[in-house]
């Protein structure tokens, strides 16, 4: 098979495809904004409201493209929710809690004898805070390096070219810009009748700073964040019960992988109450009492815990920006409607990341930011939301890119599935960490890969070979005929590809 020529043809077809440029098919604005860059010491070429992954990356890229750039951030530290109270601190705690769990439960299997293992929660939190602090300072350093002006304060629109900023030191200033990008991210979605106090009833933010390990933790919501934070405190000794209104955990996940994932979490003593509704919450006692009932209605029950984590999703943060003052159009949940160039219906005003439709993920926001400023600078940008990887950072991790088997069935596409268990992977067996599988879905006639789903240690790293394969329109045979180093867990992906178009070797 002339794989290079095949890939070249697929690459050309992908670049010529109209869908490759599409970001949000529901946006109704198709006009393209074209404006010259006037000079003037008091006016920016680009102003970004929000210094999270989308905002700070957009600011740096804009400056690299020669645009005079100012970034406004209300928190006082850059990195947004992701760096300050989200992705980074949660991964720090996931790693620390995994190390504790391994020391307590797995070291002996590897011939390592430890007399006693104890949890030092303050030290664990301090390590997390140090990692966050170093990274936020690093972004400020990148701003200085790239000559991005940084304003600390809360910004709101005065006009399509002016932003009023209430600075964190108590003052006020007006920032002017020819192009203004809204990158204010998202906030925790609240539930009716539940007040988050970040002590007994916590959001993901409060769950990152609990002063001690709760004896019993109830997680409301079985999505990525809830399962990750439940894993942290479960490993450290909490009894964790997950209450979910839907019938499945992580509903966006491939069904077969989801079932294996749930069984894995249950083996780790995480309990699930699916198809269950939270009716009310009582905090009058020393703990928290939840009243529950079946999602379809029925007899009510009560459940008590020391801490309740509300993890029912996130909502775009657009309140207080005075979007209505300048006529920016939003949908019913507050997301800003944009065209394929991230432009709103108001000339000169753009939006990226969690405040627009699409996956609410930090890496998606970064790609949005780069593409948006490339368009502003007169270049071409590109983001394919169908190729944004998703990762649950539990252990084992679960990662996916492309379509699930359920989605392929709905489309009516004839397909083949190839699977390979980690139990048959030599590296996984050698390190005694062999729970999981790789699953590949490919179009039957062409063998083009449609989706890849991995449950394995470091699945979040392994998934990017699959993402690149999908981006270039590769077939499962292309991966299968690519030499993979031995022994590595990436060989499980190769074997799954072999199983998709032919037969695997090691099972």
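Glycine too: its Cβ is placed from the backbone N, Cα and C atoms.
Annotated features in TrEMBL:
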ACT_SITE  486  active site, proton acceptor
BINDING   91, 155, 184, 185, 186, 354, 360, 361, 362, 363  FAD binding site
BINDING   221, 222, 223, 224, 225, 226, 227, 228, 244, 313  NAD(+) binding site
DISULFID  82-87  disulfide bond
DOMAIN    45-369  domain 'FAD/NAD(P)-binding'
DOMAIN    388-497  domain 'Pyridine nucleotide-disulphide oxidoreductase dimerisation'
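Counting only residues at least six positions away in the same chain, the Cβ atoms of 52, 53, 54, 80, 82, 86, 87 sit under 8 Å from the Cβ of residue 362 (FAD binding site). Least crowded of the binding-site residues (221, 223), judged by neighbouring Cβ atoms within 10 Å of its own Cβ: 223. Site extent for FAD: the farthest pair of Cα atoms among 91, 155, 184, 185, 186, 354, 360, 361, 362, 363 sits 30 Å apart. When the alpha carbons of residue 244 (NAD(+) binding site) and residue 91 (FAD binding site) are compared, the span between them is 23 angstrom.
The NAD(+)-binding residues named in the record, 221, 222, 223, 224, 225, 226, 227, 228, 244, 313, extend over a maximum Cα to Cα distance of 15 Å. Each residue contributes its Cα atom, and for residue 225 (NAD(+) binding site) and residue 360 (FAD binding site) these two points are 12 Å apart. For residue 227 (NAD(+) binding site), the nearest of the recorded positions 91, 184, 360, 486 in terms of C-alpha separation is 91. Residue 184 (FAD binding site) and residue 221 (NAD(+) binding site) are 24 Å apart (CA-CA, integer value).
Look at the recorded positions 91, 486 and count other Cβ atoms within 10 Å of each Cβ; 486 has the fewest. Sorting the domain 'Pyridine nucleotide-disulphide oxidoreductase dimerisation' (388-497) by DSSP state (H, G, I as helix; E, B as strand; all else coil) yields 41 helix, 33 strand, 36 coil. Each of the binding-site residues 225, 360 was ranked by the number of other C-beta atoms within 10 Å, and first place falls to 225. Residue environment of residue 184 (FAD binding site) contains 31 other Cβ atoms, counted within 10 Å of its Cβ in all protein chains.
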